[in-house]
């Protein structure tokens, strides 16, 4: 991890660019998968699962018996931990059910908004090396609170055609029992177009590799919404001389172990702290099972030394990190200066993995600089807000003239007439 | 406008498909414009404005003098109407500033969300036949309330190189004085990539023709967010026998005059009402200046007669209209059955044009069935919600074990270690 000391401001933007490793012909390959599933449905899903996941799947839908069996395979310790995390996530996301007031913008003109659940949502849970049951919590809980009518989950089977028991248990624990053994771009296609087995949904959530991400991007052209444009996970830590170098190193590594394309950035006003962190990184790295992954991620990573914490925050706002840790004195006092970040962790004991699993905040967050213009997943992601208005005769009499004048100026005379015809009838009734 | 009487439920989905008239080679043409602007900047903007808007523009940025002059060209009547509309829009969108509570999910674990304005936003205002100054209000007011640091507006010049005075006046009335004379896909490109004159923004808002819409879709790959995927405007009116056929016809026409690709749908439990509306449509159409546009839109439109108002609402929920008018008895009692719609107008005097201009609700709404999974533009569209957490030592002691167990089960040992290393230090301090 290279260190840059006091780079000139004009160079900052360049450091804030994310490394990029696009697969060759990604879009063509994914488009072909989408088309195959659209045309061939379940047959294509089985064929593609055999090709990519190396397993022949008889029943795409997970059976009630498989779900029950999973429950017996998960340890009580893990069940207890999942329950604790679920409780906190439920508390935090329930607090997002804030009702807006109905307003009377003028006497007789009542306007309000109402949150209505998106009817059908699809949750994608990656398989691969780590069974991400925590993502089931992060997507499933707000979907349940929102009241989505249909919540379905897709996740790839392992080489024996099974789904990780922790994933099945967590889904079932939340009341999600419609689970399909399909992964990759083909899962996104199934959710977008529907097959005989897998239902078409209105919005697709969840992380995934480049193929999944590209598939989510492409199906938006077919009227499907997605949670977020996604990229590799990332963390930026701002640390001052009061930070604990061991803690900082552990936070950087917990991001770096996600994948070789993850990026971790350390920003500090103290060269000494940066040096201490580098030593701690080497110590901790040596005992990590995923050390080779983390090492590769560290190669794309860097630390920056700047003149003050305010400058460090300026740099972070330009970078717009998915996760931002403020390991600095009086961290909370700097919270108001944060302009662009997905989720912010304040102080030495707010480690990122708390938010990844159990503190209550969501871990599905904007990456790749999207924290400038996107929020992470929340209750909002599972609803749409419909506006309503109820205008009385006297309300229309009050506002009618303004509408007529504006419609006429926009040369939309039928818009004007919709008011005039009503005002005339009100007049005639008198 | 054809009438369908009691279609079987299995046919409903087909009626809910929108007509589609894609321009040939749309994506290729737009991609070429984007690339040209990305490479050539202002030079490309001037060249493309000459090619498409038939005018040579010296200064892309509108001068202070032009803005001042516009003020003197707008009638006092229109200024008054704009002020009334702005007041109502401000009231409604300010009511969306609802603060969520900070929650302590467990003792020592404090989590909250904070709305932070998107720093730089670009508002696109179409030119063409009608000068849509109302859209300046609908996008500019929530942007100002949100506190966006930079609000820029792009709109195409007319053949003399001028911007419509009502557009300039409205922008300036709101305090938006950074206005550029550029339209079409080239305006979207300028906002997405930045040029020497036009600044790069984080999110692009506003309606437009197919070229603008496609450009907005494409620049999302470059890290730019957009307000909504867009399609032609549409209205669905549910009317029972108590509805006023003249009012219903005027509402259908005020949507139909938007463009030949607009769609209007009448759904009713009364054949008589539908027949009366058709007569009223013909009467009102004959005196409309934009009759030929509205006639073409009516050719793509239809009415459906169903058995009950509940069935009518079911149909509407499947159609997911941008605008929904409930011209029925006790309309407000049916509001809770609405699942999919952009904006809903209740009763005989809540005409759509009220919401288009002045009642206070936003007129930038999901079309083309996107009301299933998208909200219209609101204050939310101009902010991102950043999550924060502050965990104390004792908070981490309470939740630490759960995180360790979950991280271990997901085989993410560095995540676990970030907690373990802290718990150990707390232990050692004792």
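For all residues, glycine too, the Cβ spot is worked out from N, Cα and C.
Unlike curated entries, TrEMBL annotations are predicted automatically.
Database features, via TrEMBL:
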type     : residues                                        : note
BINDING  : A:124, A:186, A:209                             : NAD(+) binding site
BINDING  : A:233, A:255, A:258, A:323, A:356, A:410, A:415 : substrate binding site
BINDING  : A:255, A:258, A:356, A:415                      : Zn(2+) binding site
ACT_SITE : A:322                                           : active site, proton acceptor
ACT_SITE : A:323                                           : active site, proton acceptor
Local Cβ density at residue A:410 (substrate binding site) - other Cβ atoms counted within 10 Å: 21
Members of the recorded positions set A:124, A:186, A:209, A:322, A:410 whose C-beta sits under 8 angstroms from chain B: A:410
Neighbourhood of residue A:186 (NAD(+) binding site) by C-beta distance under 8 A, where only residues 6 or more apart in the same chain count: A:33, A:36, A:37, A:44, A:45, A:48, A:49, A:52
Site extent for substrate (largest Cα pair distance over A:233, A:255, A:258, A:323, A:356, A:410, A:415, Å): 55
Rounded Cα-Cα span from residue A:323 (substrate binding site) to residue A:124 (NAD(+) binding site), Å: 22
Integer Å distance between the CA atoms belonging to residue A:258 (substrate binding site) and residue A:322 (active site, proton acceptor): 13
Distance from residue A:209 (NAD(+) binding site) back to residue A:255 (substrate binding site), taken between C-alpha atoms, in Å: 16
Pairwise CA distance, residue A:356 (substrate binding site) versus residue A:209 (NAD(+) binding site), rounded so that it is a whole Å: 18
Those residues of the chain, 6+ apart, with a Cβ under 8 Å from that of residue A:258 (substrate binding site): A:232, A:233, A:293, A:297
Cα separation, residue A:415 (substrate binding site) to residue A:209 (NAD(+) binding site) (Å, whole number): 49
Under 8 Å by Cβ from residue A:323 (substrate binding site), same chain, sequence gap 6 or more: A:233, A:234, A:235, A:236, A:255, A:341, A:342, A:343, A:345, A:352, A:355, A:365
Remaining residues near the recorded NAD(+) site, that is with C-beta within 8 Å of the centroid of the site residues A:124, A:186, A:209: A:126, A:154, A:156, A:183, A:184, A:185, A:187, A:188, A:208, A:211, A:212, A:215
Cβ contacts of residue A:415 (substrate binding site) (under 8 Å, same chain, 6 or more positions away): A:403, A:407
